[in-house]
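Now, the feature entries from Swiss-Prot:
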- His78, His80, His247, Asp322: Zn(2+) binding site (BINDING)
- His78, His80, His247, Asp322: Fe(3+) binding site (BINDING)
- Arg87, Tyr150, His183, Glu250, Ser327: 4-imidazolone-5-propanoate binding site (BINDING)
- Tyr150, Asn324, Gly326: N-formimidoyl-L-glutamate binding site (BINDING)
Amino acid sequence: MLDTLLINIGQLLTMDQEDGLLRREAMNTLPVIENGAVGIENGVITFVGTAEEAKGLQAKEVIDCGGKMVSPGLVDPHTHLVFGGSRENEIALKLQGVPYLEILEQGGGILSTVNATKQASKEELVQKAKFHLDRMLSFGVTTVEAKSGYGLDDETEWKQLEATAQLQKEHPIDLVSTFLGAHAVPKEYKGRSKEFLQWMLDLLPEMKEKQLAEFVDIFCETGVFSVEESKEFLLKAKELGFDVKIHADEIDPLGGAEAAAEIGAASADHLVGASDKGIEMLANSNTVATLLPGTTFYLNKESFARGRKMIDEGVAVALATDFNPGSCPTENIQLIMSIAMLKLKMTPEEVWNAVTVNSSYAINRGEVAGKIRVGRKADLVLWDAYNYAYVPYHYGVSHVNTVWKNGNIAYTRGEQSWSTATI
């Protein structure tokens, strides 16, 4: 007997069309079962089909979804989850048009967050991050990548990674940990970036032994780390058994996209300034282009990543919030979906695939997350919407009704608009 059976699902978005990364037309295709049903047992999906096919199934609880839509839990593959403080004091500078790199030089930007994170205890960081994770869950996210990078020293970086490990045990959302010690060059290492990177590399063996990080990332940008420094650093991390990511071409077109494809990074993120050659190389690689339009929006910039061109040329595109205290302080992945549709010229179908299938592959979770398939975790979202286009169309609010994580209700609105029923 099933534990739970969901019936009367108006649109069941399985996202289950083909294995591997989705590109071109596959990104613009959504497998939808009309009047669908999903069966759950021991936290695992055991039935996917139509309500007609589900007749005769026995379940301890049968939930009538009222003709509303059900999707997989969403995947946010790029966040800076664990940090201290906030940076609302920088809003005025941004409105005046002060460039981020200038704010950084004044001791603001990431350096401000670094100081607040250093001063916070691990438990304070955990409790703050739980608050943000709860919000992410309420927006339909069930898997999140979490970066360190607000320490720029060994003690604080360890503290961030240990906080993430504790959160993995204490919060329903699945977390994927990334070490971003190479997020900026500390003042004491100004002009000595190679020495700083070697210091970060020296931390990796113990980090690997303690399994505190799965990925290693670096901020490849003017005034921070060069393309050559980034490639050398990430290749050494790969030799130690880590998968790698790269903050690439966010501000200047340095060649970060090309570097990511060349070294086989799991993802290249931002890519606002990615060159035509970089896009071509990404299209011919298995590196996911994780686009972060919420950051461009919040920084009030006119030029967004060329998402339309990337998809048309065969790049596997994912979307993420880039949740962080400075350049994108939002946990709302649904808002990111809307911005991507409007500013990156992505279709609703492409947007949905970019926050499920491709985003899961960007963090090596393509075989366990992002799809509704028999044998996978029952990470499901019931939406207060009757079709998938409505979610990115009606922007600025959350359309989530209920979230199941491993078959258990992890979030629901104050009142449930569905009721239990029998077949």
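Cβ coordinates come from backbone N, Cα and C, glycine included.
Apart from His78, His80, His247, Asp322, the Zn(2+) site neighbourhood in this chain, defined by C-beta within 8 angstroms of the site C-beta centre, holds Thr79, Lys147, Asp269, His270, Leu292, Thr295, Ala320, Phe323, Asn324, Cys328.
In the structure shown, the C-beta of His78 has more C-beta neighbours within 10 angstroms than that of any other entry among the binding-site residues His78, Arg87. Within 10 Å of Gly326 (N-formimidoyl-L-glutamate binding site), as judged by C-alpha distances, the binding-site residues found are Arg87; the full candidate list was Arg87, Tyr150, His247, Glu250. Cβ neighbours of His183 (4-imidazolone-5-propanoate binding site) (same chain, under 8 Å, six or more residues apart in sequence): Ile110, Lys147, Gly149, Tyr150, Leu152, Asp217, Ile218, Phe219. Comparing His80 (Zn(2+) binding site) with Asn324 (N-formimidoyl-L-glutamate binding site), their Cα atoms are 5 Å apart once rounded.
The DSSP secondary structure for His78 (Zn(2+) binding site) is coil. In the three-state DSSP scheme, His247 (Zn(2+) binding site) is classed as strand. Reported as a whole number, the C-alpha separation between Asp322 (Zn(2+) binding site) and Arg87 (4-imidazolone-5-propanoate binding site) equals 15 Å.
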